[in-house]
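Everything on this sheet refers to the single structure shown next.
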Ligand code: PBG
């Protein structure tokens, strides 16, 4: 028998007919970095082409994302040093920048799905995701604050809270506090398999949130492990997570595939700051075609099982899809 596999690759039309993985604008979650002030637009030095915006410009950006067909934003705030402490005081401030940003975006683009980062690092004088005691990042007191932080985001109008801290038991605590306060339509997107990764470096520049001592290896996962990702993810789902996440993306596509096969909730991937920076740097040197690298990367993440992709390339990807 003669079998000619290349028949299915003869022309763009045939290739389009048999393509298994098709990106859509609604696959993407656009992360946004919000900073205080008005008409402020600051390029992040290690993330060329990506900006911190004041709330007015963040709202303008959200409108543009919506017009492109992107349905979701994931909010991060850069808190001034003056409000940072070791208790997460500012994280639960009803008039904090995060809470104002949620209200502002929901007012301007009511149908946009607003997701919020829940972790203490932007508010921590130590740059850690939790409360610090000596050299330890203490679990249970942190979970208590993360739950109150989630409630305050829900009260401001967030559609999903996205705990990125990797403390134990936080999904259940968040689900409970939301239920007890009548927020039975607020979702939880859990960063379930979040690895201690060097690829978060540029993000920490964006928020000025690098840990002041040590690293995050006592709470984020060891990249040597994959079975642990299953344990973490299944527990988050049991505790009430609506969407689970694998993070970073490109070096963890094996994890994505395992999690997709072992779960029945939507799975998101986070194509993180360092992954963005690598493509940008190579493209700036003329070593890679940026547009092709974006589409190939995003398609590979979806092919590995991601239903949703948080990425700093969201807008670029959608523009390329529409081109
Ligand atoms: C904070 C948080 C981080 C990222 C998302 N939420 C940084 C970290 O854990 O140190 C990383 C995102 C990126 O690198 O794009 N908990």
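Along the chain as shown, the residues are counted starting at 1.
Each residue, glycine too, has its Cβ placed from N, Cα and C.
Record features, source TrEMBL:
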ACT_SITE  194  active site, schiff-base intermediate with substrate
BINDING   232  Mg(2+) binding site
ACT_SITE  247  active site, schiff-base intermediate with substrate
Study note, to complete from the structure: Smallest number of other CB atoms within 10 Å: among the active-site residues 194, 247, that is 247
Point to revise | CB within-chain contacts under 8 A for residue 232 (Mg(2+) binding site), separation at least 6 | key: 166, 192, 193, 221
Practice item. Can you grab the distance from residue 247 (active site, schiff-base intermediate with substrate) over to residue 194 (active site, schiff-base intermediate with substrate)? Cα atoms, rounded to a whole Å. Key: 5
